[in-house]
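Engineer: I am attaching a structure below and will ask some questions about it afterwards.
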Amino acid sequence: MFAPIDPVKIPVVSNPWITMGTLIGYLLFVLKLGPKIMEHRKPFHLNGVIRIYNIFQILYNGLILVLGVHFLFVLKAYQISCIVSLPMDHKYKDRERLICTLYLVNKFVDLVETIFFVLRKKDRQISFLHVFHHFAMAFFGYLYYCFHGYGGVAFPQCLLNTAVHVIMYAYYYLSSISKEVQRSLWWKKYITIAQLVQFAIILLHCTITLAQPNCAVNRPLTYGCGSLSAFFAVIFSQFYYHNYIKPGKKSAKQNKN
C-alpha cells in the first residue's frame, strides 16, 4: 500500500486503508447500493442540510484561497516560474502543509454532494462526469500526496480549483433558496466556462513548467496533472456542448421551421 513520503502525515487521510476504503465505498454507494436502497422510497427533502453544506463549502474553499494567495503572493514562498515543494526545514513548510491538508481533506468532503443526489433521487445528476470528477480529484490528490508530499507544481492549480468552487457553491446556495431565485440566476453556464478556463490554465502551467529543463519538479506527476486536466477539459466541453450549445441549435432550427 502507498505510504506518504512526508514525515508529517495528515490524520485519517494518510491511512491508505481508510482512504481507499472511503473511495471504494463511495463508488459502491452512489452507483449500486444507494439507488437500490432508494428504489422504493420517497426522496429525502434535504434543503436545510444542503444549504448548510453549501455555506460550509463557500467558507472552507474561501479560507484555502485566502491562505494560498497570501502564501504565493505575500510571503512569496515559491518561485512562480518553477514551483517546487519547500524543503523540510523551510520556515514556511508547516504553512504549506496546512494549506495542502485543508485542500485534500476538502476533496473527500466533496463526495458528500453525490450522496445528497442519491438520497434526493436526483439520478440525472449522478452522471459519469460528476462521479468520475469527484472520485478522481480525491484519488489522484491522495496519490500526489503519497508520492510527492505537500505543495509543488499542483499548488497554484489547487487554488484555481478552490476559486471555482467558491463561485459554484455560491450558485448552489442561491439556487436552493427558491424557484424564483433559481430562475433569476443567469450565470449557471459560466461556472462550466470557468472550469474550462481553469483546466486550460493548468495545462498551460504544466507545459511551461515541463519546458524548463532546469526546473526540478517531479516530471511524471507534472505530466499526470496536465493529462488529467486535458481529460477533464474534454468531458466538461462535452457537457457544455450538450447542455448549452446543442439545445440552442435545436431551438433555432425549430423556430426557423
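Heads up, the Cβ atoms here are built off N, Cα and C, so glycines get one too.
Just lifted these from Swiss-Prot, have a look:
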{"type": "TRANSMEM", "residues": "10-30", "note": "transmembrane segment"}
{"type": "TRANSMEM", "residues": "55-75", "note": "transmembrane segment"}
{"type": "TRANSMEM", "residues": "98-118", "note": "transmembrane segment"}
{"type": "TRANSMEM", "residues": "135-155", "note": "transmembrane segment"}
{"type": "TRANSMEM", "residues": "158-178", "note": "transmembrane segment"}
{"type": "TRANSMEM", "residues": "191-211", "note": "transmembrane segment"}
{"type": "TRANSMEM", "residues": "221-241", "note": "transmembrane segment"}
Engineer: Ranking 10-30, 55-75, 191-211, 221-241 by the number of C-beta pairs under 8 Å to the transmembrane segment (135-155), which range is first?
Structural biologist: 221-241
Engineer: Considering only the recorded stretches 10-30, 98-118, 158-178, 191-211, state which has the highest number of Cβ pairs under 8 Å to the transmembrane segment (55-75).
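Structural biologist: Per the Cβ count, the answer is 158-178.
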Engineer: Where, among 10-30, 98-118, 191-211, do we find the most CB pairs under 8 A to the transmembrane segment (158-178)?
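Structural biologist: By Cβ pairs under 8 Å, 191-211 leads among 10-30, 98-118, 191-211.
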Engineer: Give residue numbers and ranges for long-range contacts of the transmembrane segment (98-118): same chain, 6 or more residues beyond its ends, CB-CB under 8 A.
Structural biologist: 10, 13, 22, 26, 29-30, 34-35, 38, 46, 49-50, 53, 57, 60-61, 63-64, 67-68, 71, 125-126, 130-131, 134-135, 137-138, 141-142, 145, 150-151, 155, 158, 161-162
Engineer: Counting only residues 6 or more past its boundaries, what in the same chain has a CB within less than 8 Å of a CB in the transmembrane segment (10-30)?
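Structural biologist: For the transmembrane segment (10-30), the list is 1-4, 101, 104-105, 108, 111, 114-115, 117-118, 126, 131, 134-135, 138-139, 142, 145-146.
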